[in-house]
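Reviewing the structure listed below.
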């Protein structure tokens, strides 16, 4: 057996499938039509130029002609210009950069910038490098440092049992070192590499250098030109293996560092056009084709596509005159075939004859799950994913060869507007090249992301042959050839495979044989605002319906007017279904002609029905249809009270990959459904997909979608629940996973439930006190247990600034149509550490369908450090923020300034997640709610019965800090008592806040005692004059005023406090340290410390004016602590900055030494006195405690206080103090990592979009 297995040849042809599409046979017939002369734009995560198979074409040309990042994720602001001094430049990182002597720079000026490597490293690479850096750079050194600190602490504890003040400090010092090292380990965070970037003009072209070694020795770094000039690229190191190229824009003011954002793009490019001269069996479909790599997946957004990236990409596609675009991306869209991005795609296709191939989506098996643009845009060829038996063996190592099938997850049509959705299918899996940074040569990936480049490569072969033979083609003729020659698989439905599996050789023959003018045209089919007839809801199929269909020819861009005039086409219209009636003929000229189609679905059985009305040129009927009108009808099953609103199926047989669809008319009043699946097989565990979709106009399918991938064990049971909309048809799909082996039998039931609330969203205003909502059990007996949970508070922001400007050279559409940006700036305060979700309500959830080019927000802290970013789908971009002030910058782009100006006051919201959820009390009648008595628990509601509920307001002390008027709390209302019902039937709740109650302060100054005598005006004047003099004393720096006031008011404490603050705040403070000490002593001497200590020791104060006394005592304590700290800081500064005098007399030296000892003794006394009154980590005391530690050379204690100072005031100077102490302690690894954080935490400006 083993011998037979090893002798069987390895199925190389199944690793990257070409046989199934006819690509292999085509290349056997025409080996030179291997993609030569064809340029494919790969719009993806970027292509690694160093990956296997990405170097040359079959005819020796560069495989990748250019590499462009259109997202802006690799952009570096290099607007700062500097000139070297002595051959050196100080980079924005603070490193000294040595300019090599052999660099040519006639102007002598360099543009400099800075970039954190983790800003553009792919996520997987970043995680790997972080792990490796910790293991190699941090852990070994840190373990030694921690062990040494623990050893010292233990030795001290053994040797010293005394509790003297000196020993106490030493013990604290050693303990601090251990605590700090443990804390650094817990808080370890790798800033990643920080690269200085230089750009200059050498007299002929722009050049760039990235200090990839981070040591300033630029002679060892790679100098690069724009990639398209010489196909140059560099690498960030042997550990990273991350290849990069550059592009320089705006006269050197902007550098784009281009890296791959993920492995996806390289894999896609390898499928389409990889070439291995030594291993041709590993070649992609079109090894002779060239590639234009365009990165549209923004690394900042986990490689999500953005409007900015896509529109810039289409500009590049047009400028490079690309023949093909492969786009293995897409999202669900609320309305198909519309939006700014789709308009630009249409322009590239219709006007510039670029064939746009895209993935249909990976959201099957339900119908109408095609993504945008692949399955929803008329100009785009959407490709479904097919899996062949050879692929199953070679790629997936299945034990058995199963019949060819569509992958379970491949998206299905039709589009929501009736278009077929999927155009063609191709193999949806491959083992192909991936970037070097993955440390793999190849990888298995599957998806319509893989079927699209397989089809795209096949089309490249066709175009290569057409170009070699000078055969004209258009996007319309090529698409028609693909669709009319594709092979339909009998066991795969039309909505999955489209017109069938692409056949390269047959499509080529078709185009060679059919060269008529009519075949070069496109035809737009419209049914009102739709592109097909799609009857899905019960009301649409209840009676026959007539549909007006418009058919209009689309001419290639450069068609002569004479050809348009002479155009006359005689068409035969056919339909192969009896339930559709259409005209038999149509005469078409250069205008839109309308026909009427009648659809009568009344006699159709339950389920799905599809047909087409096809238009044939009577002159060449064998060429296949010139256009098709797709018609889909869904006949839904009904459930009623007699069946308890259940739909049951028993002992249902499933083969591998088999799909069963059930269309059900959801009963009016149903709000959720429960599906129960039970296995009847005792020997086979099975993988199933449960999928349900309801379609609502102008809502993406994902808005009302349920999806669950599950493993069903032998004789096992699974129960799931999902929300439904009453009165509309729902598709419930249960599918056996495509790779499952053996057959299996199951029972399953779909059961509908309904608890209807009066409002689809509950809006509660706190001022109303009590809010009512009513509930009805609409179908059957239901157990109720209403519960309102609030999980976040939402803050609304208005822009503090709005700026509009024209964008750069990358943002000019054909015919010099300039794009503009508006940048809106918002500010908000984060009251405490927590998770936030920023979003722009007007624009969010819109991407391809948006009328604006893009939306991108970036959030910054008060030091302009980038904290996070997001775009169209806010739920994907939650982030954690510490307490502090933050700025949000939102970029919106459009071609028209007037449209941007309308948004200059655009609101923005920040949703703050509550650390603990809040609940609102719910009562069953108004009286109980009014009195705050018995709350509702649970009850059983019979069918059609109503029950009112009353919600009371949230107590004021529960309102989260920072929330106030203009904010609201967001959460949900659940009504069902069952866990499944709670999970599925959820009603949104908004609780709108009002101003907090006014609180009267204790010890109010307005409260006068009866015994207190009013001050006369003269006394008031004298006091006011005194206070005015004190105020001006600090401004004028006048000692005379102080002396005068001291004589007049010798016991007035605020005078001495003001004098102390005045001296301590002076510019020449260091020269007046002794005066500060004297001033502090004066303040201290005027406070009765005994009385203060006695007051603090009191447990309660029974006196009637206790609040006033407390206020006075608190002020005295604060003043005392402040004076002690200022005195201590002055004494410490005196010791820290004392300089020895060379050549000083012996007597002077002795005097200095005695003075120093006296000062040190005074400092120690002040320190211990301070500890009597307050904690050393009090904000006021931290600076003194820090300086006291420095004087005593206790750097562990100093660092402990310094880190606390950073937490209170995270300035660059405070961080530098920490770094200095780390170095003094010998913790160079901690210092190094912290130093690397500084340019990230304190960037010179906001990062560019």
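Backbone N, Cα and C atoms are what each Cβ position is placed from, and that goes for glycine too.
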Exercise. Which residue range, 935-955, 956-976, 977-997, 998-1018, is the one Swiss-Prot calls region 'Disordered'?
Worked result: 998-1018
For this session: Indicate whether residue 401 (N6-acetyllysine) is helix, strand or coil by DSSP.
Result: coil
Seminar exercise, completed: Of the recorded positions 44, 401, 449, 915, within 10 Å of residue 264 (active site, charge relay system) (CA to CA), in sequence order, we find 44, 449
For this session: Name the one residue among 44, 401, 915 whose Cα is closest in three-dimensional space to that of residue 449 (active site, charge relay system); these are the recorded positions.
Result: 44
For this session: Select the most exposed residue of 264, 401, where exposure means the fewest other Cβ atoms within 10 Å, treating these as the recorded positions.
Result: 401
Problem set entry | Alpha-carbon distance [residue 44 (active site, charge relay system); residue 401 (N6-acetyllysine)] in Å | 33
Exercise. Which one of the recorded positions (44, 449, 915) has its C-beta surrounded by the most other C-beta atoms within 10 angstroms?
Worked result: 44
Exercise. Which whole-number value in Å describes the distance between the Cα atoms of residue 44 (active site, charge relay system) and residue 915 (phosphoserine)?
Worked result: 38
Exercise. Per DSSP, residue 264 (active site, charge relay system) is which: helix, strand or coil?
Worked result: helix
Problem set entry | For residue 449 (active site, charge relay system), the three-state class that DSSP assigns | helix
Seminar exercise, completed: Across the domain 'Peptidase S8' (9-508), the model's average pLDDT, rounded to a whole number, is 96
